Amino acid sequence: MKLSIFFVLFFIAIAYCQPEFLDDEEDEVEETLPVAEEGREKSCITWRNSCMHNDKGCCFPWSCVCWSQTVSRNSSGKEKKCQCRLW
């Protein structure tokens, strides 16, 4: 549901933009986007210990899912793992 609302708002924003504005923005984005995305991917694709302090928005538009798992087969200790997921 959140994803569909995002796309609707995204397309509305594009529909109201001036073509000259989009051309200028595309040039700027092409220069900075690969570096920003590469840095974000490296920091976001990691296991987390909690979903708090997700200030980089790594999981958007997905959600952060956490669960507990045992450390090893013969151990009763558990550790918390978190990951960004679509479901």
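Cβ from N, Cα, C; glycine included.
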*Which candidate, Cys44, Cys59, Cys64, does Swiss-Prot give as the disulfide partner of Cys51?*
Cys64
*Which of these links to Cys82 by a disulfide bond in Swiss-Prot: Cys66, Cys84?*
Cys66
*Work out how many Å separate Cys66 (disulfide bond) and Cys51 (disulfide bond) at their Cα atoms, rounded off.*
7
